[in-house]
Amino acid sequence: MSTPGAQQVLFRTGIAAVNSTNHLRVYFQDVYGSIRESLYEGSWANGTEKNVIGNAKLGSPVAATSKELKHIRVYTLTEGNTLQEFAYDSGTGWYNGGLGGAKFQVAPYSRIAAVFLAGTDALQLRIYAQKPDNTIQEYMWNGDGWKEGTNLGGALPGTGIGATSFRYTDYNGPSIRIWFQTDLKLVQRAYDPHKGWYPDLVTIFDRAPPRTAIAATSFGAGNSSIYMRIYFVNSDNTIWQVCWDHGKGYHDKGTITPVIQGSEVAIISWGSFANNGPDLRLYFQNGTYISAVSEWVWNRAHGSQLGRSALPPA
């Protein structure tokens with residue numbers, strides 16, 4: 001059965017999430033094309049037609065990144081398949097960001113990933129999307145306008161894109177990791193400040209369904225060490241997790257939780273193994289009330305379990 005609230009959520013909606021520790025924000029699209037915000041501040045709230053931050057092409061991807069919750073950026077596509085940005089700054093509230101004015105044209109089936117560069121107080125953004133020629137393009141904000149960055153080469157048309165940024169404690173600048181599909185492989189490209197973009201593609205999974213959702217997070221950055229978790233929807237209609245752990249590389253791959261076919265996925269994390277963490281939160285659609293967004297939780301105390309079965313407005 002459904003609920004009136006769940007019926008407002010687009011089936012296979014794009015999903016994005018940001019956080020400052022356990023203060024959570026989740027973004028999704030409603031059936032009218034509006035992008036809504038649900039929030040967790042001790043309990044779940046919002047997600048109604050009063051919590052719309054902007055409008056996008058129906059079926060648009062939704063990506064988000066934040067500096068804590070003081071600065072939030074949400075990315076979607078316009079009807080004309082150009083990138084657009086909804087921005088929140090504490091003290092200002094929501095407004096239309098500058099990216100839309102750049103009129104960056106992307107493929108109509110492009111997905112989006114977004115990161116604030118880690119380890120700096122400056123608001124530096126990197127957006128990843130697929131151009132009409134099916135290459136993955138980086139778009140950069142360094143405070144002086146939006147510009148095209150590095151082109152990361154060809155990818156499967158309509159590939160999911162996951163990205164994360166972190167800062168090794170012994171490196172002078174942020175690192176970036178991005179994941180997408182070439183043919184059916186899931187691959188990683190890497191950027192480190194002393195090397196730039198490494199030319200090689202690292203395969204993390206040999207065969208995944210075409211256009212599967214991809215989401216990624218990182219935590220526990222240390223001296224040339226990082227922990228990363230990458231998620232995608234496999235052909236068994238469950239979310240799979242691929243782990244990168246310091247000293248082990250990519251090692252642990254396995255199923256997490258069932259989803260609807262074609263579900264999108266968002267992941268957030270906080271804390272680290274060194275400090276009795278991390279905490280992981282995964283957002284997806286698994287058929288609860290047909291189209292509600294659901295939550296999966298991992299923490300050290302309880303391990304893997306389902307969290308909130310249906311986020312507001314469901």
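Here the Cβ of each residue, glycine as well, is placed from N, Cα and C on the backbone.
Feature annotations, reproduced from Swiss-Prot:
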BINDING   R25, E37, W94  alpha-L-fucose 1 binding site
BINDING   W44, R281, E295  alpha-L-fucose 6 binding site
BINDING   R73, E85, G98, W146  alpha-L-fucose 2 binding site
BINDING   R126, E138, T150, W197  alpha-L-fucose 3 binding site
BINDING   R177, Q188  alpha-L-fucose 4 binding site
BINDING   R229, Q241  alpha-L-fucose 5 binding site
BINDING   C243, D245, H251  Zn(2+) binding site
REGION    2-314  region '6 X approximate tandem repeats'
REPEAT    2-53  repeat '1'
REPEAT    54-103  repeat '2'
REPEAT    104-155  repeat '3'
REPEAT    156-206  repeat '4'
REPEAT    207-259  repeat '5'
REPEAT    260-314  repeat '6'
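Where Swiss-Prot records a feature, it is marked here on the structure.
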{"residue": "R25", "record": "alpha-L-fucose 1 binding site", "DSSP (3 states)": "strand"}
{"residue": "W44", "record": "alpha-L-fucose 6 binding site", "DSSP (3 states)": "strand"}
{"residue": "E85", "record": "alpha-L-fucose 2 binding site", "DSSP (3 states)": "strand"}
{"residue": "E138", "record": "alpha-L-fucose 3 binding site", "DSSP (3 states)": "strand"}
{"residue": "W146", "record": "alpha-L-fucose 2 binding site", "DSSP (3 states)": "strand"}
{"residue": "R177", "record": "alpha-L-fucose 4 binding site", "DSSP (3 states)": "strand"}
{"residue": "R229", "record": "alpha-L-fucose 5 binding site", "DSSP (3 states)": "strand"}
{"residue": "Q241", "record": "alpha-L-fucose 5 binding site", "DSSP (3 states)": "strand"}
{"residue": "E295", "record": "alpha-L-fucose 6 binding site", "DSSP (3 states)": "strand"}
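Segment contact is absent for the repeat '6' (260-314) and the repeat '3' (104-155), given fewer than three CB pairs below 8 angstroms at sequence separation of 6 or more.
Comparing the binding-site residues H251, R281 by how many other C-beta atoms lie within 10 angstroms of each C-beta, the top residue is R281. Look at the repeat '2' (54-103): DSSP puts its residues at 4 helix, 26 strand, 20 coil.
Distance noted between the C-alpha atoms of W146 (alpha-L-fucose 2 binding site) and W94 (alpha-L-fucose 1 binding site) is 19 Å. Take the Cα of H251 (Zn(2+) binding site) and measure to each of the binding-site residues G98, R126, T150, Q188, R229: the nearest one is R229. In this record, alpha-L-fucose 1 is bound by R25, E37, W94; the longest C-alpha to C-alpha distance in that set is 14 Å.
Rounded to a whole value, the Cα-Cα separation of E295 (alpha-L-fucose 6 binding site) and W94 (alpha-L-fucose 1 binding site) is 25 Å. Each of Y227, W244, K248, G249, Y250, D252 belongs to the same chain as C243, D245, H251, is absent from that list, and has a C-beta within 8 angstroms of the C-beta centroid marking the Zn(2+) site. Considering only the binding-site residues R73, W197, R229, the residue whose Cα is spatially closest to the Cα of D245 (Zn(2+) binding site) is R229. Neighbour counts were taken as the number of other C-beta atoms within 10 angstroms of each residue's C-beta; across the binding-site residues T150, Q188, Q241, the minimum falls on T150. Across the repeat '6' (260-314), the prediction's mean pLDDT works out to 97.
DSSP places the residues of the repeat '6' (260-314) in helix, strand and coil in these numbers: 3 helix, 21 strand, 31 coil. Within 8 Å of the Cβ centroid of the alpha-L-fucose 6 site, not counting the listed residues W44, R281, E295, the chain contributes L24, V26, Y40, Y283, V297, G307, R308, L311.
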